[in-house]
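Undergrad: Questions regarding the structure given below will be posed in turn.
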């Protein structure tokens, strides 16, 4: 859509990036308050990439503010953005893999990976010399497949009406995948709830899925009217 291209190529772009960066770091502090305990922790916070869910929420809130200010239709914009979020997350998880963060639990699978860079251990606490699940690559592969599906759905839906169904599918797909992948993660500092039963990301995923189902049904119903 022309209006979507104009929206994201103008001053909205830095606002969305800033909202994403701030949101990612805010949720990182919520899950690990030790970042605020010392000056060294603050420096580590500046270097850290943040939490994806926080970045997604921060960018979404920024988009809501900007859309209301410029009186643009929110749902078509959200649907046009969803495939790009999945593609960007694909590259982000590749970055996680090369940095050694967001690592998996130990395993003896043939595809296990072993990290050896001391910087990964110093910054992210990555175990060195231990075979681990390549959870970063699991999620990267999923995000690439999700991007392909969402891009196809967007092209198909744009011929009718965009009412949030593409965003809805993104929330459902990613929520389910993230919930499952979390069981193979090994970084214990990512935050847990319910007495350690679920990670923070799994709890958020459980909220994302029903919201996504609602948006998907609502969007397809609007497309038929």
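A Cβ is built for glycine as well, from the same backbone N, Cα and C atoms used for every other residue.
The transmembrane segment annotation in TrEMBL covers 12-30, 42-67, 137-154, 166-186, 192-217.
Could you place the listed features in the three-dimensional structure?
TA: If you look at the transmembrane segment (42-67), the same-chain residues 6 or more away from its ends with a CB under 8 A from one of its CBs are 7, 12, 15-31, 35-36, 73-74, 77-78, 81, 85, 89, 92, 95-96, 101, 123, 190, 201, 204.
Same-chain residues lying 6+ beyond the ends of the transmembrane segment (166-186) with a Cβ under 8 Å from its Cβ atoms: 75, 78-83, 85-86, 102-107, 127, 132-133, 135, 138-139, 142-143, 146, 149-150, 153-154, 157, 198-199, 201-202, 204-209, 211-219.
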